[in-house]
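Read the structure below first, then the notes.
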Amino acid sequence: MEAHCRSYICLGYFVKYLDQTNYLNAFVSGMQEDLNLYGNERNLLVTYFNIGIIIGTIPSQMIQLRFIRPSVWIPLCETLWSILVMVMASAKNIETLYVLRFFVGLLEACAFPGYAALLGGWYGPRQLSKRVAIFEQTQAIASMFSGYLQAALYTGLNGRLGLSGWRWLFIFDGIISIPIAVWGFFAIPDLPHTTKAFYWKGDDKEYGIKRIEALGQKPPERLTLGVIKRVYKNWRLWLFILPYLMVAQAGSGTNYFNLWLKWAGYSVVDTNILPTAGSAINLVAAFIFGAIADATGYRLTTLIVIQLLVMVSNILLSVWNIPKAALLFAFYLSFVGAAAQPIVIPGCHVSDGNSKF
């Protein structure tokens with residue numbers, strides 16, 4: 001389980017985030033100038049992607065529960081979105097990128113909730129924060145990797161075969177993603193009561209079921225209208241949404257870090273490299289705070305501490321007219337906010353551990 005499923009979840013989330021955010025590096029590495037993007041196009045690239053995510057998330061979970069096993073559905077979606085990412089390298093105008101970003105988002109909608117449901121189906125509440133932190137923080141590694149990759153491609157391949165360095169980024173991201181997607185067809189075990197994974201023998205499967213039932217998990221229910229109604233009537237779900245939204249939005253300043261670096265006059269290479277230090281801060285903070293939350297059980301207290309740190313960052317960024325060193329500090333501090341997400345997600349499993357919807 002650890003070697004197969006968790007390795008795929010970490011690698012899968014790595015490429016999911018790599019393919020989700022690569023436009024940030026591409027934009028400051030020549031895409032803005034090549035496609036004449038001087039309005040709200042950068043924000044709209046996020047908007048169209050998020051529309052795809054919003055439309056696709058719930059149907060994707062329903063498909064995994066009722067029609068197509070996660071071990072087929074998730075890798076299939078990953079393969080398709082990886083192909084679309086490579087197609088982005090051929091875009092001649094922003095409208096093409098809008099359409100492609102929408103469909104990449106639609107397909108990526110299966111990833112985060114699918115991975116979280118798999119982990120929640122195999123591990124107990126006190127085991128989740130660190131494991132969710134591990135798979136979630138592959139996004140920090142992906143951000144670092146994307147920055148280094150774009151810097152290298154801009155230096156070494158910009159103009160090669162008539163393609164700008166930012167176009168090579170999309171091509172390489174797709175090439176990296178597809179083999180990982182193929183691994184998913186073999187690595188994902190589905191859930192303990194439904195697994196057909198080749199690496200689970202009869203005794204292993206029986207042990208897995210007994211272990212998870214001892215932790216309070218029940219067999220997944222057949223998805224019916226009644227189950228859906230029960231999930232949406234659960235007040236814990238709606239209570240969960242508010243802190244999740246706060247966590248998701250609090251660290252949004254990180255998305256504009258490299259744009260500010262470009263505006264401040266840093267080189268293309270530095271604009272791609274400097275934000276990777278923030279991703280490293282994200283990585284360390286997630287492991288530290290995730291371990292504290294698991295060891296103490298004080299998830300709410302840990303969340304409050306993280307959000308207070310991010311509040312300081314957002315206050316400094318909102319003032320804006322402060323020394324450059326203070327702005328750098330504020331941007332780097334905002335990366336701590338991502339450490340809250342691995343703590344919030346297990347809270348949802350704890351609230352309704354029997355529903356994988």
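Cβ from N, Cα, C; glycine included.
Lifted from TrEMBL, the feature list:
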type	residues	note
DOMAIN	5-357	domain 'Major facilitator superfamily (MFS) profile'
TRANSMEM	45-65	transmembrane segment
TRANSMEM	72-91	transmembrane segment
TRANSMEM	97-119	transmembrane segment
TRANSMEM	140-157	transmembrane segment
TRANSMEM	169-188	transmembrane segment
TRANSMEM	237-261	transmembrane segment
TRANSMEM	273-293	transmembrane segment
TRANSMEM	300-320	transmembrane segment
TRANSMEM	326-348	transmembrane segment
Cβ-Cβ under 8 Å with the transmembrane segment (326-348): same-chain residues at least 6 beyond its ends: 116, 120, 125, 128-130, 132-133, 136-137, 139-140, 236-237, 240, 243-244, 247-248, 250-251, 253-254, 257, 260, 277-279, 281-282, 285-286, 288-290, 293, 299, 302-303, 306-307, 309-310, 312-314, 316-317, 320
Other parts of the chain folded back onto the transmembrane segment (300-320), taken as Cβ under 8 Å at six or more residues beyond its ends: 243, 246-247, 250-251, 253, 285, 289, 292-293, 326-327, 329-331, 333-334, 336-337, 339-340, 343-344
Of 45-65, 72-91, 273-293, whichever stretch has the most CB pairs under 8 A to the transmembrane segment (237-261): 273-293
Recorded stretches the transmembrane segment (169-188) and the transmembrane segment (72-91) touching, at least 3 CB pairs under 8 Å: yes
Stretch in 45-65, 97-119, 140-157 most in contact with the transmembrane segment (273-293), if contact is a CB pair under 8 A: 140-157
Sequence-remote partners of the transmembrane segment (97-119) [C-beta within less than 8 Å, at least six residues beyond its ends]: 5, 9, 12-13, 16, 19-20, 23, 35, 44-45, 48-53, 55-57, 59-61, 63-64, 70, 73-74, 77-78, 80-81, 84-85, 87-88, 91, 128, 131-132, 135, 188-191, 345, 349, 356
